[in-house]
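Everything below concerns the one structure shown next.
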Amino acid sequence: MINLKELKILHTSDWHLGVTSWTSSRPVDRREELKKALDKVVEEAEKREVDLILLTGDLLHSRNNPSVVALHDLLDYLKRMMRTAPVVVLPGNHDWKGLKLFGNFVTSISSDITFVMSFEPVDVEAKRGQKVRILPFPYPDESEALRKNEGDFRFFLESRLNKLYEEALKKEDFAIFMGHFTVEGLAGYAGIEQGREIIINRALIPSVVDYAALGHIHSFREIQKQPLTIYPGSLIRIDFGEEADEKGAVFVELKRGEPPRYERIDASPLPLKTLYYKKIDTSALKSIRDFCRNFPGYVRVVYEEDSGILPDLMGEIDNLVKIERKSRREIEEVLRESPEEFKEELDKLDYFELFKEYLKKREENHEKLLKILDELLDEVKKSEA
């Protein structure tokens, strides 16, 4: 017997098909890594026998001129997903301006896919006949923002959200909100998306929906439990600001009268790692070569002082994709923002110098503490001599 009170969903987002990373230093086409991740997502959808697949934007990386290869891959994976369950696609800020025409073409050859290009609700039928009302909030058209001042644009967005709340009440079986924007408080997690942000207060997400599927933020985030609101994150680590991000898709189970349940699907992306050094000396060169030799992903080197020794490391090491010189202040800022991620690198940045700076900023009697620290360092140096 078909259970219309149950809905199994696979939610994925931010594929960025066609992306090439580190174009200014060592361009790396990420196609094969993305395809492996997408293969895993499709396999999980098949294995879990999902009823509906939600794609919340930025499927393509180039907004103006996606490659033929990227469009071919997009069509291929959409077709594979449609064989598993009906698919609903919401556009994002990166998505190609011609996506609407592309969507018209795809929907002309299959009724198992829906492209929601506006703020108007859409009713779809899931795999087992469940009636699902989709409440879409696509990334707003830039022309709309330009026609309005900031206050008017904010009112425009909030009025759309209020209307979607009213529309959610008209659901038959399930109501799902789909949005591509930044939830207030998460702007720092936008990764490569940083810039002009559409920021929405989470309280404005219609509370009567059964699930809120979001896209745009590249790391997994459970925003709230009522309604369950999730960013699944992108499938791969596109740049080094995403080193510690959890990547993948989300499997969601909805049952009428019960709280929703979900499970992360890890896409197993290649790792990224930043190595920090005070200066590139012979010891640092050995450390870089040794680390890169055994590291399965891509590496960035950041150093503070120019020592005059900087051979063609990128020509020598295939997975070293970026070498940057940064000021002490820039490096300290990174360490403050992600202390757990980079704590093992502190010794390469002259730990005691950083600690002295910390004392100056945080301790009123820092002069006395600095004197004690210097005395300890002198004793250590004498014992090592």
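The chain as shown is numbered from 1 upward.
Heads up, the Cβ atoms here are built off N, Cα and C, so glycines get one too.
Noted in Swiss-Prot for the protein shown:
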| type | residues | note |
| --- | --- | --- |
| ACT_SITE | H94 | active site, proton donor |
| BINDING | D14, D58, H180, H216 | Mn(2+) 2 binding site |
| BINDING | D14, H16, D58, H218 | Mn(2+) 1 binding site |
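There are 27 other Cβ atoms within 10 Å of the Cβ belonging to H216 (Mn(2+) 2 binding site).
Cβ neighbour count for D58 (Mn(2+) 2 binding site): 26 (other Cβ atoms within 10 Å of its Cβ, all protein chains included).
With H218 (Mn(2+) 1 binding site) as the anchor, the candidate binding-site residues are D14, D58, H180, and the one with the nearest CA is D14. Over all protein chains present, the Cβ of H180 (Mn(2+) 2 binding site) has 26 other Cβ atoms lying within 10 Å. In the three-state DSSP classification, H180 (Mn(2+) 2 binding site) falls within a strand. Neighbour counts were taken at the CB atom with a 10 A radius for the binding-site residues H16, H218; the maximum falls on H218. Cα separation, D58 (Mn(2+) 2 binding site) to H16 (Mn(2+) 1 binding site), rounded: 6 Å. In the three-state DSSP reading, H218 (Mn(2+) 1 binding site) counts as coil.
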